[in-house]
Amino acid sequence: MPSVRSVTCCCLLWMMFSVQLVTPGSPATAQLSGQRTARGPGSAICNMACRLEHGHLYPFCHCRGKRD
């Protein structure tokens, strides 16, 4: 069974990778056709980051008690 630390590390790596893909203006951002535009990360990522006390790593997350 994987340790909590390794699972947390994998989740954070996945979040950073997914955020990089959807950040507007990044060179790797996929362009969508029609009326759709690239959106920022969903609240699920921020909720997870805040619960794990890593919200300070994501400037778009507004956690209560967030470190600077």
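Here the Cβ of each residue, glycine as well, is placed from N, Cα and C on the backbone.
Keep in mind that this is a model prediction, so the values were computed, not measured.
Annotation source Swiss-Prot lists disulfide bond at CYS46-CYS61 (among others), citing similarity to another entry. Within 10 Å of the C-beta atom of CYS46 (disulfide bond) sit 18 other C-beta atoms, taking all shown protein chains into account. In the three-state DSSP classification, CYS46 (disulfide bond) falls within a helix.
A simple way to gauge crowding: the CB of CYS50 (disulfide bond) has 19 other CB atoms within 10 angstroms, across all the protein chains here. The disulfide bond annotation in Swiss-Prot covers CYS50-CYS63 (among others), and the record cites similarity to another entry as its basis.
The annotation arginine amide is assigned in Swiss-Prot to ARG64. Under a cutoff of 8 A between CB atoms, and with a sequence separation of 6+ in the same chain, the neighbours of ARG64 (arginine amide) are CYS50. A coil conformation is recorded for ARG64 (arginine amide) in the three-state DSSP classification, outside any helix or strand.
The annotation signal peptide is assigned in Swiss-Prot to 1-27.
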Quick one: Cα separation, CYS46 (disulfide bond) versus CYS63 (disulfide bond), in Å? 8
Same-chain residues at least 6 positions away from CYS63 (disulfide bond) with a Cβ under 8 Å from its Cβ, in sequence order, are CYS46, ALA49, CYS50, GLY55, HIS56
